[in-house]
Structure formats: structure tokens, C-alpha cells
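A short worksheet on the structure shown next.
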């Protein structure tokens, strides 16, 4: 069988443009001041200090700018006037049709496949059963793959059917090919690009590294039908990327900020996009890209096909799926129970509220002695506590900095850069502010305050143990948190962690607690002249 393969011959393939690296761009505004007028750093935008006025310079730029997309026009979609397009290509193979429901269920159980939604297609067990056209299959066979992975076996029929799809699977599960091969089929069924047309397939990814990896796969499997692509990300010159977009590409793989730059500058448009992919959606939200994603999606016709992929399924990712996808079908690989990364050692200590500071300091001492290159992310329940313990740590000689919603954006970027580079190996954060944190080499997470729910606990500790590394999560748990004990014990048990007998007792008998001692919102505005500018004590550490 074939899928609209008649367009391939007129395409000239070229690999995407632009080398270089992913970055936020534009400088960090790297100055700050205290009462002595201390200021330092660098920035393309300039900064200064006199008489204690901290130097904010440079701004953020690149993929971090919160006002990106302000210049994009609101689209009023009238689908009755828009050209129709094909998106349903799946025809079930006879071998698949002949399998009994029992056989299908057994296959899904064996491969830990769970599906949700109406009329989910049956999984395929071989590449031939997926029904890809020869121009795709020739390259698949050339790669020497033995059989589809679990996510591919179930995901290919779903994506080829033209339905909106959510896929939840660990990194390394083969999800990139799960959406790339149907994307190639989709492109070859559409009219050729005309001059001035934007891409047909748009893939949004959180980082340059992932975007380049996706581009490699698209290039490999799209070359037989001469599909052109480009990779658009910040921190590198725009020229080569603009050149590619101007020539015309069927596939654009992009990080959100740089794509909005291109759209605002009129270098491309999304009018032809009919196949949208959000890859690593959870990580894009972690990095604070939700506003940019929403602005981009608003520029795409609403009857598109959308495929959303994520390693986890927290409530903010679920909300994104509800907003962007229509009547979607979902595939999950592995358990859907709330579980923590098994590479993370979880230590939960029962303490009283007034013991927390000393206990935290002792842990930092041990961490420092074991490895001076450690990075520690400390979570608090409120902005006030974040500032309080940052001052406490700095006065005790620890180079700690805090990040929360009352800090100005350029200060938050500066703090994050100090933490990423290891100049300040301790960062104190609230849950909301942590959405912009994407640091791969965090060795320890310390929960100074326990979060409001177990999902946030798993999300917090997941900041360590990334990319195959091991990590440690330390949690200070008080009687005020007793109502969370049962859920916490379940998470610890699932990941085979040691459980403090007192915590187990709380789980058996505990009920509601009084919440955090501080309660409420933090008061006052943060700033370089506040907690982050508190002088380091004489007992310098780290």
C-alpha cells in the first residue's frame, strides 16, 4: 500500500541550518548591589552601581524572554475558507485484524502498554504491520531494527490514524520515531510548498540538544522522499536558520523562544502546519515555556493533528493536553501509579519545625565533605522562608542564592546562571519559581518544607537523578505534614527506600495537620539588595 507518495520527486533535501548552542541569549544582567554599592558582572546591556543601587543589566533575551510573542497577531480561524488536508492514513493490516481481543490484551500487558480513549487502534507487532510506504520502510530496514519498541507498536497506528495523541514514555523508549515516521507520511500526502509557505510539520522541543537529535532522525528517514528540514534554536546566529526558512522546509524543529523570534520578524509562518508535535512537554513546562507554547499554538489552525509526548503526566501537562488536543487517545508505557525515579535515594527525616535549620546545615556539611562539586536545590513552601534561610545560610558562610516569584526576571536569570555554573552551588527555590529551572547535574534536592501534595514531591525530587545519573533527595518532615504521610510511604515503598518507623506510624494513624508554620504569602519584594546580597559570613564554605 502507499500513502500519497507522489510529491517526493520535486523536493530538494538539505539538512537544517545553524550550528552553535542553545542558550537564553542576551547576557545575564550580572550586577547586583548591597548597601556598600557592590556591583559586578557582565552584560551586553550594561549595568552599574552607585551608593547601593544594584546594577540590573542586559535583560534575559533568547528563549527566556517572558514577553516573547507580544507582536503576534490574534488569528481568527474560519475553517470553511481554508483548504482541506489529509491526516488519516492508517489501514489495519490483516494480521492485526485477525488477532483476538485476548491476544491484543496479552501483548499490551507483556509490554506494559496502557491505552485510554475511544476506539484506540490495536498495536502492531512488526514494522510491516504498521503499513508504512516503501520509501519509509527501506530506511527502517537499513537501520537494522529488529522490531518496534512498545511505544512504536501502539503509537504508530494511533498517529497514522490522524487522531490527536498523547504518549507517556521514558526518554530512550523510541518515541522520536513514533511521531517522525507518521510525520513523513503526512507530509507526502499534502500539496507541495509554494513560495512563502511555512512548514507542514512543526516539532517543539525544550532544548537545542533534543532539537538536533530529532533533526538527525527526520533527516535520516525523510531523505528518500527529499523532505527538507531545519532546526531553529536560540543562542546562535539567526542567518542560516532564516535562509532555510526562506527557501522553504517541510519540517521545522524548534525551541519556543527562537521560533517566536522568527514569527515576529516575519521570517516564517505557521499557516501550513497541519501536524504539530510537542516533545518532552513536561520538560518544556519545567523550563517555563508554557506562555510561549500557548502563543505558538494560537498561530496554528485548530483542526491540525497534535501529538504530545512526555515522560511524566503531572497536572500541568494534563491541562495542556486538554487545552490543545481534541478527543485525544493516549498510550502509556509502564506503570501509571505515582512513582519516583528509582535512581534517587530518598531520605526522610522526622523533625520539629525549630530543628530544620540545624538539620539542613548538617546535611550541607556532609554533602560538601563528600564532594565539593555537588549542587543542592533546596525547596521551601513560601517566598518568605526562601529568603529567610538564604540569609541564614549566607551568614553561616554558605554561597546560597534564592529564586522566587518576587524576584525580578533578570535577577532570577542571574541566580540560575550562578547555580548552573557552580559559582553558587546552593539554590533555594519555591515550587512556582522552580518551573524555570533546567539543570542536569543537580546532585541533591533538600525539601526544607514538604509540598502540599505527593505529585509535587515526586516532581521536586525529580530535579536530581537526571539523564541516567544517581541523585539524593532529603526531606524534613514534621507532624504538621502528617496528612501526607500515607502517600509518601507509598512512594517510598514503591521505590524500595528505607522508611522511618515514625513516618510509618504517622501513615497509620496520622490525619490532617496545621500546614506550614509561616503560612500565607511572603511579604515584601525580593531583590539583589535583599537575601541574595546578604554578605557571606567569615566562615566561608565550599
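Every residue, even glycine, has its Cβ placed from backbone N, Cα and C.
Averaged over the motif 'Q motif' (125-153), the predicted model has a pLDDT of 89. Annotated motif 'Q motif' per Swiss-Prot: 125-153, in sequence order.
Annotation source Swiss-Prot lists domain 'Helicase ATP-binding' at 156-331.
DSSP assigns residue 170 (ATP binding site) to coil in the three-state reduction, outside any helix or strand. Annotation source Swiss-Prot lists ATP binding site at 169, 170, 171, 172, 173, 174, 175, 176.
Annotation source Swiss-Prot lists motif 'DEAD box' at 279-282. Outside the motif 'DEAD box' (279-282) by six or more residues, the chain places 171, 175-176, 179, 203-206, 210, 214, 308-314, 317, 320 with a CB less than 8 A from a CB of the stretch.
Feature annotation from Swiss-Prot assigns domain 'Helicase C-terminal' to 346-507.
The annotation compositional bias 'Gly residues' is assigned in Swiss-Prot to 514-527.
Per Swiss-Prot, the feature region 'Disordered' maps to 514-542.
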Using Cβ-Cβ distances, find the residues under 8 Å from residue 170 (ATP binding site) that belong to the same chain and are at least 6 apart in sequence, listing them in sequence order. 311, 333, 334
Specify the count of other C-beta atoms within 10 Å of the C-beta of residue 173 (ATP binding site). 19
Name the residues of the same chain, 6+ apart in sequence, whose Cβ is under 8 Å from the Cβ of residue 174 (ATP binding site)? 148, 149, 151, 152
